[in-house]
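Down below is the structure, laid out as structure tokens.
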Amino acid sequence: MKGLKFISTGRAIPEKAVTNDDMSRIVDTSDEWIRTRTGIAQRHFCTRENAASLAVSAARQALERAGISPEEIGVCAAATVTPQYASPANACLIQAALGLAEDTPCFDLSAGCTGFLYGLEVMRGMLTISPKRYALLVGGEELSRVMDMTDRSTCVLFGDGAGAAVLALEENALWAATLGTRGNSDILSVDAVGKGPSYIHMDGQGVYRFAVEVIPHCAKELLNQTGLTLEQVDWIVPHQANRRIVETAAKRLHLGMDKFFLNIDRYGNTSAASIPIALDEMVQEGLLRKGQKVMAIAFGAGLTWGGALFEW
Ligand code: UT7
């Protein structure tokens, strides 16, 4: 079976960091509540940046680090729930900014916080029919634009940012994936554009219950597909939504927290950007090294879930 290899990664984080104390000046909340319930200490909000500029910056960094020319990209997709425009796609803006060839299919993909993992499978499929070797996949969000700053149960959770990866298809590369959805719009949704302000609506506990169920489900499914054991996996990179969700899922898998990478303290929940930002940070910090086995697992609006198991 052909699997994806990550050739390079990149990320873009808005300059402005917003602390929990900053949030407590906007809504009735506290640093103590946010830290203990979620593990978040700060998040970043766009000021001079926007959804498009973040996606372009992350994509540019990944492309430069891959050391390939824009013409070598055969497909470009951007996973997002907060594109710059409803249309054209963020991926079209990336195509223009980076000078990707005009015959490159460029499109956005909406699967909530699971978007990047849906994107990996879509890129794997697209590369089998592309005459070119590489795919460029971005997860990027400007969630501060859709936050109801009067709703303390949601506005303290999310942040802005983008992550990107250049991917290639390789014969015999370790690869397993699982994707799904419950077709649910009651528990978590973002309003459509054009009907007044667009906000995130969420039943936090509903998402919580779903997340602690699907993380172990995805992990087991990926292990079944590959015949690997959890001990043979070096890293689990979960969607960064809530530290407690990850701790509960770890317990259900009879694992300690040392295999789980967490950076939610610094970025909050960046939806489709959370997994690629985490991967990029891990590489840049020297944590994620060639040959290591990685499990990435996400869940989000839809209620969608996704997992991928691959070798770095
Ligand atoms: O990418 C997926 C996106 N979504 C998620 O990942 C969300 C998953 N869910 C969660 O992370 C948690 O459910 C939350 C962090 C959203 C909430 O934590 P919780 O432990 O489930 O709290 P709760 O909703 O049961 O609320 C407990 C109390 C309530 O007060 P009362 O009714 O007990 O008086 C809330 O009004 O906490 C109150 N509360 C807050 N207090 C201070 C809710 N938000 C806040 C806040 N600051 N920001």
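Placement of Cβ uses the backbone N, Cα and C atoms for every residue, glycine included.
According to DSSP, Cys113 (active site) is assigned to a strand segment. Annotation comment: TrEMBL describes Cys113 (among others) as active site.
Following the DSSP three-state reduction, the secondary structure of His239 (active site) is coil. There are 29 other CB atoms within 10 A of the CB of His239 (active site), with all protein chains counted. Per TrEMBL, active site is recorded for His239 (among others).
Cβ neighbour count for Asn269 (active site) (all protein chains, 10 Å cutoff from its Cβ): 23. Per TrEMBL, active site is recorded for Asn269 (among others).
Annotation source TrEMBL lists domain 'Beta-ketoacyl-[acyl-carrier-protein] synthase III N-terminal' at 107-183.
Summarising model confidence by region, the domain 'Beta-ketoacyl-[acyl-carrier-protein] synthase III C-terminal' (223-312) averages a pLDDT of 98. Annotation comment: TrEMBL describes 223-312 as domain 'Beta-ketoacyl-[acyl-carrier-protein] synthase III C-terminal'.
Per TrEMBL, the feature region 'ACP-binding' maps to 240-244.
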What does the DSSP secondary structure composition of the domain 'Beta-ketoacyl-[acyl-carrier-protein] synthase III N-terminal' (107-183) look like, as residue counts for helix, strand and coil?
23 helix, 34 strand, 20 coil
Determine which residues of the chain contact the region 'ACP-binding' (240-244) at the Cβ level, with the cut-off under 8 Å and only residues 6 or more beyond its ends counted.
37-39, 113, 157, 207-208, 211, 262-265, 267-270, 274, 277-278, 299
In whole Å, how far is His239 (active site) from Asn269 (active site) when you measure between their Cα atoms?
8
Per-state residue totals over the domain 'Beta-ketoacyl-[acyl-carrier-protein] synthase III C-terminal' (223-312) - DSSP helix, strand, coil:
35 helix, 24 strand, 31 coil
Sequence gap of 6 or more, C-beta under 8 Å: which same-chain residues meet both conditions with respect to Cys113 (active site)?
His239, Ala241, Asn269, Ser271, Ala272, Ser274, Ala298, Phe299, Gly300, Ala301, Thr304
